[in-house]
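Report on the following structure.
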Amino acid sequence: MRLGAAVLIAGIAIALKISLRNVLGSEAPFLLYFPAVVASAWFGGLEAGLVTTALCAAVVWYFFFVPYHSFGPPPIHATIQLGTFIVTAVMSSLLAEHLHRARRIAARSAERLRIAQDHSLDGFVTLWAVRDAGKIVDFRWEYVNPAAAGMLGCPPEHLVGRDLFQTLPDETTGHDIFARCARVVETGEPIDLELPWDEEERRRWFRIMIVQLDDGVAVHFSDITARKRVEQERAALFASERRARAEAEEANRLKDEFLATVSHELRTPLNAILGWSHLLQQATSAAPEQRERGLLAIERNARSQARLIEDILDVSRIITGRVRLDSLLIDPGAVVGAAVESLRPTADAKGVALELAVGARDARLLGDATRLQQVFWNLVSNAVKFTPAGGVVRVSVAQRGADLHVDVSDTGQGIRPDFLPFVFDRFSQADSSTTRRHGGLGLGLAIVRHLVELHGGRISARSEGEGRGATFEVALPVADAAQSERDGLFRARNGAAPDRAPPGAPGKRIDGVRVLVVDDEDDAGEIAGSMLRELGGEPRVVRSAEEALRALAEFRPDILISDLGMPHEDGFALMHRVRALPPDAGSAIPAIAITAYARREDRQRALAAGFHVYLTKPIDAAALSEAVSSLAAALPSGPARARPAAP
């Protein structure tokens, strides 16, 4: 086709030349043939140009050079003209061929680029400026690839040829993109930015690059929502890590502060114990009043130390999840009353009025009476501690709906609003300075909260601020009627919830009861023996399991009391050996374990080994006599005083 066009163009040029021969003469034989060669080469390439060149040269040679109508040798000037025409025509054809090749390469590149853009996951559009009086007033979509159309939520055919403000009517979005594109066209400086794109249910992020393209712009944008989400998650992780580090540092600070407080709280009663012990040793002629005051101070501070240690152990049990409840149906009024009455002497001595109002007397709770009394004792004790002389502490028990509410309110120093949210946190104290007026480890309320939650209840605190008192409210679920009647489970607690006598109470008499005490510590054994002797018992103290086995045969005791932690052979091994003896050698003797190990599993292990009662140190006379007398009362033949000793 291209060669046919070349022949046609050459024929037209030849016809024109022949028809205008008289007008043009023979001075310019190639005048019309140069345009013909250029046109053929432009439209048909090198081959078409060469064909036209050959036809035109042959026609001129044959018709216009002497000798006419012959291909004989032309004159010298005609030969020069013919050679010049052929060289010029060939050069023009070669130039046209190069142009054709460049156009084909450009077309193929454009096609490949279009295919790449059409299949690209990134958006690409071109926009041409729409001007009014030389000013850019809008942009028109010229090209939109499918990815861009998908991101914009509109098919390409609905965008191409339309103006920007027609397709992006939102004023904020449309004007923002228009302003940026106009700035690129006017300044020639590209823009690279990240912008959010809000959809109906979510926000997407795009990275947009805008570059000038003649009197318009090319815009490339990619969806970076996933990257942004990762960055946000990473930022959240960093923020979480910073918070965790801050919390760890705060926990470490609280730990150091707590350890300093523990040291202070343990050393303070220890100082009083050692000081009074020294004074009583030195002051042999001290007045009875001074000796009594010193002994009371020693006992009071020793009990204070025991409470501190028990609080620390309770926190350890809470952290490790080892707190268990021995739940029974109990009378909450009796439990609260016992806690209040045990603190009344302290309140009276301080000049604080302690009021108790018990309603809902028929309500019952399913819970651990000892632990609940610990809860109420702690709350009332705190109220008394933080209420000055002349103040009032009120305790009320009432049923509201399905819950029993115990409110403990006082007219004391109150709680700062900024500290109120942390009042139940471990180690938290409103005043932890060296000038604080009240002691303690900051553990009591944390233990209270955990025990209340173990019972399925909740606790809250409120205060109007410093100097305006505080109220603590405990809400516990009331047991239903079916629970109250099931299998006679209800056992009213007429008084204190613990089976143990109150601290400091006089012990029961155990006259004539023979007790064998086994403890490798001389002081501990001597103290236990002295307590039993003061209560009327007949103790014998030995220091090892071997001595205990010999004493069983010689002494014929009614009760065995043994420490658990002893060298060579501990209390567990001793009990196994005792239970393996013949019946007439004491295998069935009632046994009491006394130990400083206060874990629940230690108690279970002791009972499983054959002990009947488990007591934790420090032991007071009342608790010891209660345990001994209860076991002695169950002896089938009474105390050993009624039986002759073995020879």
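All residue numbers here begin at 1 and follow the chain in the order shown.
Heads up, the Cβ atoms here are built off N, Cα and C, so glycines get one too.
Database features (TrEMBL):
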| type | residues | note |
| --- | --- | --- |
| TRANSMEM | 31-64 | transmembrane segment |
| TRANSMEM | 76-96 | transmembrane segment |
| DOMAIN | 261-480 | domain 'Histidine kinase' |
| DOMAIN | 514-632 | domain 'Response regulatory' |
| MOD_RES | Asp563 | 4-aspartylphosphate |
Key: Positions on the same chain near the transmembrane segment (76-96), where near means CB under 8 A and six or more residues out   = 29-30, 33-34, 37-38, 40-42, 45-46, 48-50, 52-53, 56-57, 60-61, 65-66
Remark   = Here the 10 Å Cβ neighbour count for the residue listed as '4-aspartylphosphate' comes out at 23
Remark   = In DSSP terms, the domain 'Response regulatory' (514-632) comprises 58 helix, 24 strand, 37 coil
